[in-house]
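Feature annotations, reproduced from TrEMBL:
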type: BINDING; residues: B:THR160, B:LYS186, B:THR197, B:GLU283, B:ASN405, B:THR410; note: substrate binding site
type: ACT_SITE; residues: B:THR197; note: active site, nucleophile
Number of protein chains: 2
Amino acid sequence: MQILTENEEIQFITGGNILTPKGFKADGVHAGLRYSKKDIGVIVSEIPANCAAVYTTSHFQAAPLITTKDSIAKEGLLQAVIVNSACANACTGERGLKDSNKMRELTAKKFQLKEHHVAVASTGVIGEFLPMDKIEEGIQLLSPGKDDQHAEAFQTAILTTDLVQKACCYSANIDGKTIYMGGAAKGSGMIHPNMATMLAFITTDAAVESSDLHIALKEATNKSFNQITVDGDTSTNDMVLVMANGKAGNSPLNKSHPDWPIFVQLLTTTCENLAKQIARDGEGATKLIEAVVTGAETDEDANKIAKQIVGSNLVKTAVYGADANWGRIIGAVGQCDAKVVPEKINVLIGDIVMLQNGEPQAFSEEEATEYLKNETVKITVDLQIGDGTGRAWGCDLTYDYVKINASYRT
Amino acid sequence: MQILTENEEIQFITGGNILTPKGFKADGVHAGLRYSKKDIGVIVSEIPANCAAVYTTSHFQAAPLITTKDSIAKEGLLQAVIVNSACANACTGERGLKDSNKMRELTAKKFQLKEHHVAVASTGVIGEFLPMDKIEEGIQLLSPGKDDQHAEAFQTAILTTDLVQKACCYSANIDGKTIYMGGAAKGSGMIHPNMATMLAFITTDAAVESSDLHIALKEATNKSFNQITVDGDTSTNDMVLVMANGKAGNSPLNKSHPDWPIFVQLLTTTCENLAKQIARDGEGATKLIEAVVTGAETDEDANKIAKQIVGSNLVKTAVYGADANWGRIIGAVGQCDAKVVPEKINVLIGDIVMLQNGEPQAFSEEEATEYLKNETVKITVDLQIGDGTGRAWGCDLTYDYVKINASYRT
């Protein structure tokens with residue numbers, strides 16, 4: 001596997017967002033689900049867009065996910081996605097599904113779209129019903145536009161206790177056209193300490209065939225969103241949605257197109273950027289932890305080990321305390337269901353070698369502590385048994401994590 | 001599966017310990033591996049005892065585990081186990097193995113035993129070598145005896161940052177004899193924030209065939225030690241060891257003996273008692289969390305779900321904050337690779353129903369908060385799809401957990 005980085009073919013667009021690709025508008029308003037912050041947002045495409053979505057694997061998929069799946073199943077096209085924060089509409093039974101279908105219907109009416117061209121997403125408390133009067137009022141207030149203020153209104157409306165908005169934009173030359181791809185995401189926060197949803201919405205003006213877009217999205221999310229963890233808990237509402245409206249005018253992309261790999265890379269880069277923003281803004285987090293695993297028997301093994309490292313409470317607290325406890329990294333690697341030869345393993349924190357061929361190395365504690373005070377901490381493990389590589393991202397575990405999650409209602 | 005409880009056939013022996021069964025002595029001394037606390041301990045049987053052991057599944061099994069396996073492989077008999085704290089002797093390569101073999105040799109000489117009748121266990125920092133001069137001195141200081149002071153000396157010597165000693169004793173009438181079984185354990189603490197080993201040593205005066213003893217131990221540990229979690233991290237040094245010296249005079253037990261189920265229950269009860277003591281004394285913990293899962297398709301599914309619940313950081317922080325966030329329990333259940341029918345699930349915190357047949361129930365927040373302030377919190381999930389049952393134990397996640405693990409060296 002090639003370790004993806006922002007390479008020559010993919011350009012980062014400073015200040016870009018979901019509205020940089022042609023043909024999309026957005027908005028976000030305060031509908032009263034939250035005290036004062038914006039809480040309902042929408043993205044609308046000028047024309048129905050090819051789309052793909054991936055969803056949480058939880059047994060308890062929330063109602064909006066079922067509504068969205070139903071929409072996409074009809075034609076594989078979406079023209080809008082409506083999102084609310086504050087209430088997850090999860091574990092709400094038949095009434096919950098009726099409510100999310102109603103939310104879809106109201107959005108379709110408001111923007112004169114076909115109902116099945118509307119997707120729905122929610123994030124917030126589990127087990128409470130949507131306040132449909134407020135939802136209805138909120139939808140009426142939406143007035144999508146193309147400028148940065150409208151993008152920011154959307155980015156804000158989908159947040160819960162996230163500290164920062166999460167957006168990015170990249171472009172690439174594909175099929176002789178400049179293709180833009182923008183993303184917005186939320187994750188790690190809790191408006192009510194019942195859940196921690198990850199939502200991401202990606203827009204592109206590329207023309208892409210839906211079935212292949214789905215394949216590309218699965219590949220991209222496996223390397224990005226599925227490789228981040230804040231606390232190891234999977235939400236009932238996780239969703240990543242991409243809309244490709246074809247406004248760039250390229251000939252439709254599919255797996256056979258010579259520029260297909262560039263498109264996949266564009267999508268992966270966008271997903272990775274958003275995923276890292278979510279990990280860095282994890283509840284109570286002060287640092288982003290990146291684990292890079294090389295020399296594994298397979299990429300799957302490498303990804304598994306990388307995720308185990310960034311998911312370990314002991315590694316997370318050590319990084320918070322700027323303590324170069326490589327034994328905890330070994331603990332995480334050791335418990336993985338992956339091929340490991342203890343005598344071959346190398347472990348580095350930053351560029352500082354901790355373990356070489358399974359033997360502890362002398363290192364400067366001071367230098368290591370200094371490195372661990374950075375806002376991004378990289379842990380590298382080379383298994384030296386194969387060509388498999390993988391990466392994962394997480395955050396440190398801090399007093400504030402406990403505070404956010406323990407002391408809300410008491 | 002029968003949910004095991006301390007039943008009529010198994011008697012709890014108040015104040016009992018590893019020296020209550022006939023024919024065992026123990027001691028613990030300060031050898032200088034730690035500043036002032038005891039750090040080397042030994043249990044000695046009057047005669048070679050049938051034995052069984054289970055070990056960590058980490059890829060990085062520490063040297064003492066390899067030495068112990070080697071000892072047991074020779075004859076299936078043990079007469080002593082030597083244990084040190086402060087240094088795990090893990091990730092120490094060939095020199096580490098030489099050291100643990102030397103520790104075995106020194107113990108055998110001191111007590112005039114066959115080398116392969118000695119087991120070795122260590123707990124402490126990963127990646128540092130044993131100070132063999134201190135180990136040698138310490139072994140010379142050991143002077144095993146039969147009284148409670150000697151049992152406590154051993155129980156203390158194996159601790160790291162555990163707050164309390166962990167011991168218990170039970171008896172049962174088996175084959176017309178009174179059989180005693182005692183246990184000592186450590187776990188959850190860190191003398192140095194590199195590891196968190198779980199060690200347990202069980203003595204019994206029962207006569208038991210070694211091969212069947214091993215089967216019984218695997219069964220008992222699967223229902224007890226393997227169902228606890230403090231932070232989801234598996235140590236390189238975990239070990240549970242049982243020695244059965246036959247001093248009770250019963251005819252040797254095996255799977256065909258009519259009283260075999262009682263013996264297995266005796267062993268399981270002992271393991272469960274120690275396991276719960278470890279979970280309750282988890283780093284920074286203020287509460288024991290018990291998850292009981294019933295109505296699963298299989299016992300395996302039930303155990304998996306129970307462990308996922310007590311392992312969830314979000315559940316752990318909610319319990320710490322006395323917040324009845326049943327949505328977090330749903331989150332944990334939802335991400336399990338087990339059969340779940342969302343519409344059928346019941347969730348209770350204590351006796352308070354949160355979710356019935358998948359529908360949220362009204363409950364008194366005050367009553368729930370009051371219940372969650374108890375030192376033991378029980379979470380019950382009834383899946384209502386089968387007969388599978390399981391239990392697991394964990395602890396709450398607190399500021400002190402972060403403090404213990406983050407702020408040690410900085």
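Think of each number as a place in line: the chain as shown, counted from 1.
Quick reminder: no glycine exception, Cβ is built from N, Cα and C everywhere.
Quick caveat, the model's predicted, so the values are computed rather than measured.
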Worksheet item: If you draw a 10 Å sphere on the Cβ of B:ASN405 (substrate binding site), how many other Cβ atoms land inside?
Response: 26
Fill in: Sites among the binding-site residues B:THR160, B:LYS186, B:GLU283, B:ASN405 close to chain A [C-beta, under 8 Å]
B:ASN405
Worksheet item: Does DSSP put B:LYS186 (substrate binding site) in a helix, in a strand, or in coil?
Response: strand
Item to complete: Would you count the other C-beta atoms found within 10 angstroms of the C-beta of B:GLU283 (substrate binding site) for me?
Response: 27
Practice prompt. Within 10 Å of the Cβ of B:LYS186 (substrate binding site), how many other Cβ atoms can you find? Include all protein chains, please.
Written response: 30
Worksheet entry | Number of Cβ atoms other than its own within 10 Å, given for B:THR160 (substrate binding site) | 24
